[in-house]
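Asks: The structure follows.
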Amino acid sequence: MALYHYVTQEQRSGFDKYKYSAVDSNPLSIYVMHPFWNSVVKILPTWLAPNLITFTGFMFLVLTFTLLSFFDFDFYASGEGHTHVPSWVWIAAGLFNFLAYTLDGVDGKQARRTNSSTPLGELFDHGLDSWACVFFVATVYSVFGRSETGVGVVTLYYLLWVVLFSFILSHWEKYNTGILFLPWGYDISQVTISVVYIVTAVVGVETWYKPVIGNVHYRNLFTVMIVGCLFVVTLPMSLYNVFKAYRNNTLKHSSVYEALLPFFSPVLLFVLSTLWISLSPTDIIEKQPRIFYLMVGTAFSNVTCKLIVCQMSNTRCKPLSLLLLPMTAVVLLNITSILLLSPCAETQFGLTRRGENRPEGC
C-alpha cells in the first residue's frame, strides 16, 4: 500500500496491531443521523470501495468551494451594492454539503460492512476531514461576506483557527487516550450549514443584513456559534476525557511534555501565519484572503495527517513539522527586513493577484 512508503519501520509494525476505537455520544448522531446513515449504507453495492465514498464526499466540498470561488472570490458578493451569488448556487451548496456529510458518515459503515477497514482508510478519511475544515469555513463565509453586516477577513482568519483547533483537539485526545471522541460540534454545524445555504437561496442574502434583536446581527450569532462550540462543548469534553483516562491510569503519555507534543506544530503554524498577516507589506489577508485561508488549511492538514499516523502506529509525535520551515523563512525575512520587507517578496512568492500591478522596483 502507498501509505507504507511514507512511514518508518516502527510505524509499520504499529499498524499491524492497530484497531480503530471511537465514541460518538452526540444525541443528534445517535438518534437521527446514524439511523439515517444505516439506511443509506444498505442501498450501496458491496463492491463500492469505502475510500471512493470518502473521496466523493470530499469532492462535493471542493466543488462547493470552487463554485463560491467563481462567484465570490473576494467575499464581497453578499454585500450591498454588489452582484450577489445566484440562488441556484446556494441550493447546490446546501445539497452538496449534506451529501458530503452523509458520505462521510457512511464510508466507515461501508468499510465494516465489507470487512475492508484499514489504517490507510482511516488516514484517508480523517486526513481529508482535516483539510475540509478550511473549505467549510471559507464557503459559509460567503453567506455573510466582508461587508458592513458581515465579518472582517481578519476576524474570519481567527474563526478558522477556532475550527482547526477544535478539530485537532479530538485527535489530541486519541493520541493520549487511544480513543477518538467524536466532537458534538461537527454534526450540529454540518446540519446548520446545509440549512443556512438553502434558506439563503430562498430568502436571499439581504435577510442576513437585518439585526436579529437590537444590535445583534446574524454575523454575531455566526461568531458565537463557532467560538461557543469550542469553549462550551469541545474543549471541556476533551479535557474531561483526558483527565478521566489519567484518573483510570489508561493515559498513554504520563509526561505533560509528551502529552502536549501534538500541539507544537499547530501552534507554530498559528504564530507564523498570524505574524505573516500582521507584518505583510502588501496586506496579504485583505488582498488574497481566500488563498491565504487555503494555504493555512492545507499546512494544518499536513500536520494533522502526521499526528494521525502516530496515533495509528502508537509512535511518538514529532514536535515540529519540516513543512513549516519555508513559512518560517518568509516570516523571518519580513521581520528582519532582509529582501522581503518590501512588497516585492510576496510578489515573488506568487501571493499577489495575477494581473495586479507590481510594486515599484519589483
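Each Cβ is built from the backbone N, Cα and C atoms, and glycine gets one as well.
These came from TrEMBL, pasted as-is:
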TRANSMEM  52-73  transmembrane segment
TRANSMEM  85-103  transmembrane segment
TRANSMEM  123-144  transmembrane segment
TRANSMEM  150-170  transmembrane segment
TRANSMEM  221-243  transmembrane segment
TRANSMEM  255-279  transmembrane segment
TRANSMEM  291-309  transmembrane segment
TRANSMEM  321-341  transmembrane segment
Asks: Of the stretches 123-144, 150-170, 255-279, which racks up the most C-beta pairs under 8 Å with the transmembrane segment (291-309)?
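Replies: Looking at each of 123-144, 150-170, 255-279 in turn, the most contacts to the transmembrane segment (291-309) are made by 123-144.
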Asks: Do we see three or more Cβ pairs under 8 Å linking the transmembrane segment (255-279) and the transmembrane segment (150-170), pairs being at least 6 apart in sequence?
Replies: yes
Asks: Out of 52-73, 85-103, 221-243, which stretch has the largest tally of CB pairs under 8 angstroms to the transmembrane segment (150-170)?
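Replies: By Cβ pairs under 8 Å, 221-243 leads among 52-73, 85-103, 221-243.
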